[in-house]
Amino acid sequence: MEHRVVGPGPYRATRLWNETVELFRARMPLRRHRCRFKSYEHCFTASEAVDWLHELLRNSQNFGPEVTRKQTVQLLGKFLKNHVIEDIKGKWGQEDFEDNRHLYRFPPSSPLKPYPKKPLYQRDVIKFPEWNDPPPGTSQENIPVRPIVMNSEMWFKRHSIAIGEVPACRLVHRRQLTEANVEEIWKSTTLSYLQKILGLDSLEEVLNTKLVSSKFIIHNVYSVSKQGVVILDDKSKELPHWVLSAMKCLANWPNCTDWKQPMYLGFEKDVFKTIADYYGHLKEPLLTFHLFDAFVSVLGLLPKEKTAIEAFQLCCLLLPPENRRKLQLLMRMMARICLNKEMPPLSDGFGTRTLMVQTFSRCILCSKDEVDLDELLAARLVTFLMDNYQEILKVPLALQTSIEERVAHLRRVQIKYPGADMDITLSAPSFCRQISPEEFEYQRAYGSQEPLAALLEEVIADDKLSSKEKKKKLKQFQKSYPEVYQERFPTPESEALLFPEKPKAKPQLFMWALRKPFQPFQRTRSFRM
């Protein structure tokens, strides 16, 4: 009974449902049963289905050993509701599924769930703020992107050190980095890290990035106590005092120094029920509805524990500060109760750890729209959270360091050369798109030469340069990029055409040189004539 791991990505809950249905229909043992003096072929009892499916789920890396028999019964009830199975008389949809000897069978066909058509939240790539960006609130659609192309003057300034020409420079401060710029850097970098860890081409199918608040991320990073718990600015969003006192009482059991009420037999069960009732009546789960798909997607990384922890760290940074604080306090209490050997049993039917998972999983993670596997997925996530909450709910140091260094770099004094463009010398990181193998081969062969060839033509066509300066720059270009230069000037003759030799001016002849040499007696001969 192998249940392949369903990795991260969109529609993971639906993919898990279809995978489980296919395995159940293909491998559930069928045999002959008798009921009320009548025999039925190719069927199974409810208890047999619970036994087999429970074992499958417990051995699956997608769900884990924490799956209870009760959850398996609930899942089979959903199978009956969705006509994955039917009772022996062909009834399905309205009947309740119970763990008994009732007979069930598979219908001739069991349709798999189609993948839901979700709105594409955001097709644009995540971008860093530029200095030329309009202020927040203005439209940023159809803004042309100016390619970064270096003209000949900038190129020769960059390479002029090689020939000993260092241009004058001065220190300048960059433009003021606004709070909106910093917030956008935090949001863009965090989402970029999450997208990279999940291995997705885009987050649009698992997360609506428009609902992600950069202010939440920054608050969750910097407004924390020495223990790493978020500190809220708005005290009205704090846990009620009586809930916080009850949580401290169970977390420090039996040393309840803050609890002034009299204790009695079963007191700890009533305190636990009080806490469970408060969390169970929250309007929204702690991990929020709009982050459900993101957290479910991260569950596909659980076989790689370290990677899963990093992904959960980033997802938890996106939570509202009040949700993150409530989650931190709840996980600390749950972990301490499970490790406390002096804590009396809080339930007669479950162990302490299983009780924690079953009680709080739905208030931590659930979908706004009913999802057939949300109970199992929530239990899997809460189990992993309990084992790794200290790592998951702390600020990822690598992310914080990367962003702080980038912000400091943007604010640092820069060296500027006359005529240089600061936005070119310090360009923001950009994101890539996938290209075809043919386009890649073309770019590898010609992509780097085309801009250089254009630069060479610009130098050749520059009429402001004297012949001496132009020859000097062409010689420098030839030394740096001989292949490009050779392609433009394949022969010395082609190079000579660029600098044609001017014809030398002949010396002016005097009029007397054109005459014949002086002949003696010339005047005498003229007399004779």
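Placement of Cβ uses the backbone N, Cα and C atoms for every residue, glycine included.
As given in Swiss-Prot:
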DOMAIN    24-108  domain 'DEP'
MOD_RES   S160  phosphoserine
DOMAIN    201-393  domain 'Rho-GAP'
SITE      I231  site 'Arginine finger'
MOD_RES   S436  phosphoserine
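Break the domain 'DEP' (24-108) down by DSSP state and the numbers are 30 helix, 18 strand, 37 coil. According to DSSP, I231 (site 'Arginine finger') sits in a coil region rather than a helix or strand. This prediction places the mean pLDDT of the domain 'Rho-GAP' (201-393) at 89.
Here I231 (site 'Arginine finger') comes close to S223, V224, S225, R325: these same-chain residues lie at least six apart in sequence, with C-beta atoms under 8 angstroms from its C-beta.
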